[in-house]
């Protein structure tokens, strides 16, 4: 399932984050890539111990926790601290699938990359190219969202970032270890949850809502791996 989360960050928050990102020191993005990915990766990344990255990452995590859409779509158990990349001057990242398991820096905690997320910090008209191309069962999708928007998609998806030929593309990326590993099952739970929320508004107090809610939680109980 691919899902856009609009306005995860406010314009003021985006502006403050951009200022911090523009002033921060960057490193070659291949430093964090495996041998195969490094062959197709040409971008810059903030070091994992970057103070600016940690501060912005904490803001993103706070916003995700307050986003009912993100929580419903991803059913997070653990979220890897957000990372940050920068594309310019032809920078690109060719077709690849992300590692299945990541370790939270400074810990022994493992995070399975069930769901990938990208948060955009540059407006689409600030750069040419730079589309996130995701290929999966839902087809071939080209993603280039407004600053402050986020996109979530399965961690199993083949994806790439097209070359940025003008301007600079700033973004954050990270992975969520979901309570439900299967994308198909997460989609069923998400659709059911969204319908329950809509029916709650249209028909508050309807006894059928309790039954539907019970079905949702029984499915979650059956499928979750907490």
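Note: Cβ is positioned from N, Cα and C throughout, glycine not excepted.
What Swiss-Prot records for the Fe cation site is 96, 98, and among 159, 177 the residue it adds there is 159. Rounded to a whole value, the Cα-Cα separation of residue 169 (2-oxoglutarate binding site) and residue 159 (Fe cation binding site) is 17 Å. Remark: of the binding-site residues 96, 159, 169, the most isolated position is 96 (fewest other Cβ atoms within 10 Å of its Cβ). Around the Cβ of residue 98 (Fe cation binding site), 17 further Cβ atoms fall within 10 Å across all displayed protein chains. Helix, strand and coil content of the domain 'Fe2OG dioxygenase' (78-178), in residues and according to DSSP, is 3 helix, 62 strand, 36 coil.
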